[in-house]
């Protein structure tokens, strides 16, 4: 099923994800590398999710948000593991990944505020982040997959993302591209600008602190969040908001690695291994669990 018949363009029923097929001599190395990365993501974020739910000392709005962020990263990785994929499954995967991406955009935007917000507001923000993007992303996915597909069924990517799918579609109009750009601006650019504005205010406040030590600690806390923001939003903005004529399949794949793999890998390191409360809970939890099992 390499080609779809020219007179029957909508009968394409299956796609093949090429992953990194253009570097055949490195397939085994890449398979081993990505397998190791996926295991690290699942274990690291899984431990953080469990520890924030089970440790009484971490039952605060900040760690509630952190636990949800870790769960999101696990779902992200689990949602991008296919090779040969049907049209319906490809659309489902795209909708799943886009919805998770929208959720991450919204979770990153207020993630600096759980320290000062009450639990009820925090739960509302997290719940809103998870559900608010669902109807729009379902609509966008339906709009993209309502287009006829022509030519090859080979997707030069490792999951069903918007740019490689649009390259296989026929009759992509200016309206189609405008809708994709508008949704991307809503879910990517707007939260990113809100983060920049909030950090502008935070930095101006930190600079007014009288102690250099206090300023250093504050900037250290902010820098962790900014690293994740830069990785995730920077790659997403270039991927979804640049003109369709610019960029290549190789560029799209590399950029997608940032928001689907690097951010989930760095999440446990940035948010948890540098956090004294989480590290203390991790040291105590095995002993507590072992003692409870003995009883």
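From the backbone N, Cα and C atoms, a Cβ is placed for every residue, glycine too.
As annotated in TrEMBL, transmembrane segment covers the listed stretch 29-50 rather than the other ranges in 29-50, 117-138. Among the ranges 62-79, 152-169, the stretch that TrEMBL annotates as transmembrane segment is 62-79.
A contact links the transmembrane segment (218-241) to the transmembrane segment (86-109), because at least 3 Cβ pairs that are 6 or more residues apart lie under 8 A. Most Cβ pairs within less than 8 Å of the transmembrane segment (253-273), among stretches 62-79, 86-109, 178-197, belong to 62-79. Nonlocal intrachain contacts for the transmembrane segment (62-79), taken as residues 6+ away from its ends with a CB within less than 8 angstroms of a stretch CB, comprise 38, 41-42, 45-46, 48-49, 52-53, 93, 96-97, 100, 103-104, 107, 110-111, 114-115, 119, 122-123, 125-126, 129-130, 159, 260-261, 263-264, 267-268, 271-272, 277-278.
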